[in-house]
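These features come from TrEMBL:
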type    : residues           : note
DOMAIN  : 3-102              : domain 'Primosomal protein N' 3' DNA-binding'
BINDING : 396, 399, 439, 442 : Zn(2+) 1 binding site
BINDING : 405, 408, 427, 430 : Zn(2+) 2 binding site
């Protein structure tokens, strides 16, 4: 007899169903297999999660229709972690499994079966000498010296190699030289793999993964690890998945898609730069890769390292709770590796340049760029800007009112240099060209730039520094790397290419524009991007300098001091006092007004049912005060929908998630209203 989870997003079907196993499928029907079953009069796919002797119900059972997988792709460890994450997010288990297990490719299974010594693989074996089969394993490896520059780093490496479940968070001052994360992580993975342990390395995007893969190939050989990225096709992803399931490989590196990689004998998990938005899963149940890998490490007893050039507030909460140990760079290492940071808005610079507060490129920034380009050790200069495009926003030349499209009220812009020369405005939202613009406030026809994008900035800097090559990098056209020669590299936030020997200087422009965005997490996000750019700059003793033009004292001060831990700690203290995430958890419900109202009522009904079930028989349970929902109110993004928010402490998180999940299942079974969207701890919700 088999217990099956149906592969469906329907909440009220998120439970196990019993099916008979016909004799012809008995050998293949093992836990972890994909199966095909009849349910509700139609064929459905599902996951066989257990074999049992007795059914859980007295209903008449039907038999499994098919077991298409010869190699079960779902491991017991991944299933357990998926259940925990689904419970935490009040979601459906198979929604998590859809992210955890790639699409089956029958041809890849045949490759593995042909290479197997005997018949189909029916469990998840790991060869005892798998580590010795890894290319390069014959040579003893040692951890890179960079770990000696981290407080407790040497002890952490020794504990991870020994299989101890040590957990730590580290902030690194640079990404150059010995601090190059790709080389350091590849070497650490090799040390742990040599000891017979499995390693899972996560990085934010494919550019980081390309560098990490190259370092792992040099350290372990091209067959000594697998790469898992969302950009990869189904065939390479499934091949990598089965390589881990069958124990051929013990090391996996990837982006968010690799958070569920079934690494055998998982001994070390490294999450690089967890503050990056790319780690947030955009599909239900909207989990963060950090929560997935931390849950896996907790269940499998693996060591954890959350590292990067900045410190996220959620990780700081784990550090202050004692769940993660602080393992950051020692002060001498920070001074040796980090660049000098200059704030153009401080009192000293303001006295030297009275117009610095009004200039987009203050004298301090211009002078730093000039010295970096023409000084004794010339090199490239990184210029970080907030906006893509040419002139992404214009305002009235007389009254400074933002220019808006008459068709959709979107922002008007000059798309490129030619459009600006012709005076051809176009809406950034609907693309409508604006002819004969007149300001809605004063009637003037003239416009001026309200913001400058990466292309316009590159053009202006090219005129300021003639005969210096100018490169631009943005989401539409990303540069991977630039050379060591003098050049201006203008990049939007997050699209900064690496310089081979590090940048001679970095100019962080438009900081105040970034900080003016609405959102609880904006200051932490801006500091994270600044620190990421600063980590690409040469050390101060080599002339490296970073100039920031923003005026926000707290964020700029944290950058100047290179103290992301202290900044995250202060933010966390404020959130704790105000009962805001991540000090508290938050749930968001979005749907039609009637659907949200029904859901909130079902939540209260679920709470009453659980209270009654937990009480003494025959004794009426005391009335429960309703949960303190905020709203529902019309959603600012779509006024046809309503939104309600609930803030709740971690002490009540498990119970609250249970009732939120139960109410979602009840609403799904009733089918009286359209389904609501339920998200727990979503980024950017406040």
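Every residue, even glycine, has its Cβ placed from backbone N, Cα and C.
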For this session: Report the DSSP secondary-structure composition of the domain 'Primosomal protein N' 3' DNA-binding' (3-102) as helix, strand and coil residue counts.
Result: 27 helix, 27 strand, 46 coil
Problem set entry | Rounded inter-Cα distance in Å - residue 396 (Zn(2+) 1 binding site), residue 405 (Zn(2+) 2 binding site) | 13
For this session: Out of 399, 439, 442, point to the one nearest residue 405 (Zn(2+) 2 binding site) in space (Cα versus Cα); all of them are binding-site residues in the record.
Result: 439
For this session: Enumerate the residues of the same chain, 396, 399, 439, 442 excluded, that satisfy the criterion Cβ within 8 A of the mean position of the Cβ atoms of the recorded Zn(2+) 1 site; list them in sequence order.
Result: 397, 398, 400, 401, 440, 441, 443, 444
Problem set entry | For the Zn(2+) 2 site built from 405, 408, 427, 430, further residues of that chain with CB within 8 A of the site's CB center | 406, 407, 409, 410, 428, 429, 431, 432
For this session: May I ask which of the binding-site residues 399, 439, 442 is closest to residue 427 (Zn(2+) 2 binding site) if we compare their C-alpha atoms?
Result: 439
Exercise. Same-chain residues six or more away whose CB lies under 8 A from the CB of residue 408 (Zn(2+) 2 binding site)?
Worked result: 427, 429, 430, 432
For this session: Mind checking which of 430, 439 has the fewest other CB atoms within 10 A of its CB? They're the binding-site residues.
Result: 430
Exercise. Out of 396, 427, 442, which of the binding-site residues is least crowded by other Cβ atoms within 10 Å?
Worked result: 442
Exercise. Among the binding-site residues listed here, 399, 405, which has the most company in the form of other Cβ atoms within 10 Å of its Cβ?
Worked result: 405
